[in-house]
Amino acid sequence: QPQQKDYDDLCSLPDLNEKTLLENLRNRFKQEKIYTYVGSILIVINPFKFLPIYNPKYVKMYDNHQLGKLEPHIYAVADVAYHAMLQRRKNQCIVISGESGSGKTQSTNFLIHHLTA
């Protein structure tokens, strides 16, 4: 079966419904693309293994970039919140939610890692 095009932002799906949304997430996950945007919201599917996308190269790559210009990543969300705080001089908040075992603590660690870098 030919590889389907995957969309890094679900808002870009030509036909947005439950089936196409889930197919797109499944297709991205099979390619180890665990992050997908829905506008400014980031969906993360826990791979239950370490992926090599959390090193200094990625920290630098996502530094001071607009959301959506690069592949979706938790570092992009952290960076947007950080720069919004600096520009607007107002506190920012990132909401992390999910089921037990979904990777909330690990996502928080990655956010903190990017902010401290």
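Each residue, glycine too, has its Cβ placed from N, Cα and C.
Not measured: the values here are computed from a predicted model.
According to TrEMBL, the domain 'Myosin motor' annotation covers 5-117.
According to TrEMBL, the transmembrane segment annotation covers 34-51. Long-range Cβ contacts of the transmembrane segment (34-51) within its own chain (Cβ-Cβ under 8 Å, at least 6 residues beyond either end) map to 7-11, 24-25, 28, 67-68, 71-74, 76-77, 80, 98, 101-103, 106-107.
Proximity of THR105 (ATP binding site) to non-local residues of its own chain (separation of 6 or more, Cβ distance below 8 Å) is seen for none. The feature ATP binding site is assigned by TrEMBL to GLY98, GLU99, SER100, GLY101, SER102, GLY103, LYS104, THR105.
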Original post:
Ranking the binding-site residues GLY98, GLY101 by other Cβ atoms within 10 Å, which is at the bottom?
Top reply: GLY101
Original post:
Whose Cβ lies within 8 Å of the mean position of the Cβ atoms of GLY98, GLU99, SER100, GLY101, SER102, GLY103, LYS104, THR105, the ATP site, other than those residues?
Top reply: ASN46
Original post:
Looking only at Cβ atoms, how many others are within 10 Å of the one on GLY103 (ATP binding site)?
Top reply: 19
